[in-house]
Amino acid sequence: MVNPGPPGLIAGLLLAALSLSSVDGTKALGFVGHGYNMTVSQGHEAKLNCSLQGMEEPEIQWLKDGVPVQSADQMYIPVDEDHWISFLSLKNVERPDAGRYWCEAEHSGRKSVSDAIWVMVEGVPYFTLEPKDLSVTPNSPFNMTCAAVGPPEPLVIFWWVGDSPLGKSESSPSVLQIPGIRERTAFSCEAHNAKGVSSSRTAIVEVKGLPYPPFNVTISKVTGSTATVTWSPGFNSFSLIKSCTIQVQSLHGNREMYSRLTSVPPFAVVLDDLQPLTNHSVRVQCTNEMGASPFSEWITFNTKEKVPQLIPQNVHMTKTDSCLLLDWEDVDPDKEGYNILGFKVQWEQENTTQGELFVQENQANLTKWNPEKDLTIRICIANAAGCGPWSEFLLAGSKEEAGKQRHPHTRMSWVPMVLGILTALVTVVAMTLIFLRKGRKETRFGNMLGSMLGRGGPVIQFTAARSFNRRGPEVMEATLDSIGISDELKSKLKDVLIQQQQFTLGRTLGKGEFGSVREAQLKMEDDTMQKVAVKMLKAEIFCSSDIEEFLREAAFMKEFDHPNVCKLIGVSLRSRTKGRLPVPMVILPFMKHGDLHTFLLMSRIGEEPIALPIQTLVRFMIDICSGMEYLSSKNFIHRDLATRNCMLNEDMTVCVADFGLSKKIYSGDYYRQGCASKLPVKWLALESLADNVYTVHSDVWAFGVTLWEIVTRGQTPYAGVENSEIYSYLTAGNRLKQPPDCLDELYEMMCQCWITEPKRRPSFVDLKRRLEAIWGRLSILSASHDQLYVNLGETCGAAAAVSGLHSAFCKEEDYCAGPSQTCGTSAITSDYRYIVNPGCLREGNEWSSSAQNGEARGLLHEEEEEEEEEEMQEEQVVITL
């Protein structure tokens, strides 16, 4: 109970109530008194009351703007047995407390409503629109807008440019018109009213300029006629880079130069039609709306020698008793840059190569051959890269003086023909005998049935009650046609369908309520094995609609092609017994270093904690933002963006993964609201929590929470707040607090991602631009580049990422401990996610044994193995750090 007001107020109300009851002894149910207006200063206490008569022990409900007030600061005072006064106390009044209040009571189906009490909250001005960060061209006009509200009114706006006030006051809203600037400038505004002054955020206006020259120009995959050029763009000077120009200079004979324009990203291009065995030089420049950057430095490379694509022409042969003379049309040694060294002559007898001869002239003399047998000869042109296409076979008969060109394999041997005819005849005879025997076969009722049929009598009919097949249940063929999905989805998945015989399932990497992720070895076209991750739905909890939804999201992933978005390798179907739907599986790249959340967590609380530089964290943010920018450009809504769903690639770049699939696989961070599906509540935007609405703006909200996770190195957002309380917590105006050591610019960016109105949140394009600007300034200030080294030593396998990372960030040997020779372990009993790292998973030994077992069993596991998988979920997982 709280004190509802001064004793004099209570006494006066009691006296008024007593006087009313004395005037009329018969009291009808109803509220007495009149409504009134109340003005309260922000931060002070307000006390409201209403008086009800005509009911014993009433239930009086306070309402604000039609919504029941859930507050413990309410108190009842009885005047007599059927006359009561209710008090409502509002402590530390804020602007959301302003509104219309009244009381309601119900008795015998009749509702009574009091007059309204209007509460107005006065305080310092509140900004509804603040200046925003901009990037502008030099000396171009632009506007800045600032708006604030009271009460009390009126209020005025003052503008500041840097640390200097403009001195002119304007009413709200105020639009500041700037004719143009030439350098980076800060703008802010102040709002004044009778209660005080409020200051807006500081908006930074950057001046666009020419981009910096590209760097890290690299030449790879060089052949005789092609080469791949990749590069890193320089700082874009606050204007998006749209295209790059690659200049190629050839030093073949005379200097030849040509340029090639390509759109970006990706920052890579394949050069073709290059001269073989030639020195080339390459340089790159990139262009934004302000113009082109300076060129990068020249990078020199040599194309490889190309196999000649020429065939010897006009081959002639002269046969004598002791030798065979060959000659053909000569070829220029330097023709088309092939650097021809000579000719290779090969001869065969009875379909077996008898010898080879290399000559530099356009003639050859063969002496080592059997003149009693047919001889076939062919010739090719050769250089250091190899032998070109062979000429047609030249046939020299055993008694001919000169040959004529024909292919030796066109001769048809009579032996295979006879064998084929005999095989066909035997097959036809066997099939005829089988059908005849089957037609004459009768049951023990055959004679009786035959006589009845002859007389036109009734025929005995029966149906088998059950099958006594000893071979076990028949396996249903797993095809796209057998799972009941739409034709449109079939056509999308047809070219990425992988047969289940092409890969072998290994150990389980993670399990959840709706499915699991398993390691696997995929057999490639060149017979090599590639390690992949396989996601599959749990066998007993899905129907055909679940399969279609699962595979439809996989079809979306098929179209993705971006370095920061996890790309689909393929889909597969696991066969099951007839009558049961196949298990759908999605095949994804195996990310050696696991998910970003575990990496950040281990860097903070692992056995060897490391301090991640802010440049590295911002680089992670840029990677995620680039991936989300790409997804939003494809009109794809992620719905579950978080560090746990961002994977670390082998080169430590971040890839956005789990495109909506994770919402039905993992359940640890999800909350079921009523009977709806489980949701990642602490990452959801307000509109998603309230109306189940998902847009690119709700992904921006989740991106803000993801930034907070990265800055805090994997801490849980809204710690101490229950999932069921998140909506009330956010609607009350609360947000995640600024973490220690967090840049003000980063936290301002997070807060803008959490604006209540979705359309006022920044886009991923704008967020990426601002993050790149922050990273550019940090890179300039830093004395060293932000490189991330991962120690992949054999002691701990791929799992030595933490110790390697720890060493990489130490600048002096005297201040760094040497790498640990042993691996610590940390037992994690809860459900972990794909793929836990940094931490040692002992991939080498465990997988080899797992793969061998998989080879023996094949892909398909029998039904009893599903129970073993359930038991594995209960076991403790040991992660080596």
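Quick reminder: no glycine exception, Cβ is built from N, Cα and C everywhere.
Here's what Swiss-Prot has on this protein:
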type: ACT_SITE; residues: D640; note: active site, proton acceptor
type: CARBOHYD; residues: N37; note: N-linked glycosylation site
type: CARBOHYD; residues: N49; note: N-linked glycosylation site
type: CARBOHYD; residues: N143; note: N-linked glycosylation site
type: CARBOHYD; residues: N216; note: N-linked glycosylation site
type: CARBOHYD; residues: N279; note: N-linked glycosylation site
type: CARBOHYD; residues: N351; note: N-linked glycosylation site
type: CARBOHYD; residues: N365; note: N-linked glycosylation site
type: REGION; residues: 846-881; note: region 'Disordered'
type: SIGNAL; residues: 1-28; note: signal peptide
type: TOPO_DOM; residues: 29-414; note: topological domain 'Extracellular'
type: TOPO_DOM; residues: 436-881; note: topological domain 'Cytoplasmic'
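Annotated features, which come from Swiss-Prot, shown on the structure.
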residue : record                       : Cβ neighbours (10 Å)
N37     : N-linked glycosylation site  : 9
N49     : N-linked glycosylation site  : 20
N143    : N-linked glycosylation site  : 10
N216    : N-linked glycosylation site  : 10
N279    : N-linked glycosylation site  : 13
N351    : N-linked glycosylation site  : 8
N365    : N-linked glycosylation site  : 14
D640    : active site, proton acceptor : 24
The mean pLDDT across the topological domain 'Cytoplasmic' (436-881) is 70
According to DSSP, collapsed to three classes, what secondary structure does N279 (N-linked glycosylation site) have? strand
C-alpha of N365 (N-linked glycosylation site) to C-alpha of N49 (N-linked glycosylation site): distance in Å? 122
Out of the glycosylation sites N37, N49, N143, N216, N351, give me the one sitting nearest to N279 (N-linked glycosylation site) by CA distance. N216
Please report the distance from the Cα of N37 (N-linked glycosylation site) to the Cα of N351 (N-linked glycosylation site), rounded to the nearest angstrom. 110
Which whole-number value in Å describes the distance between the Cα atoms of N49 (N-linked glycosylation site) and N216 (N-linked glycosylation site)? 73
Three-state secondary structure of N143 (N-linked glycosylation site) from DSSP? strand
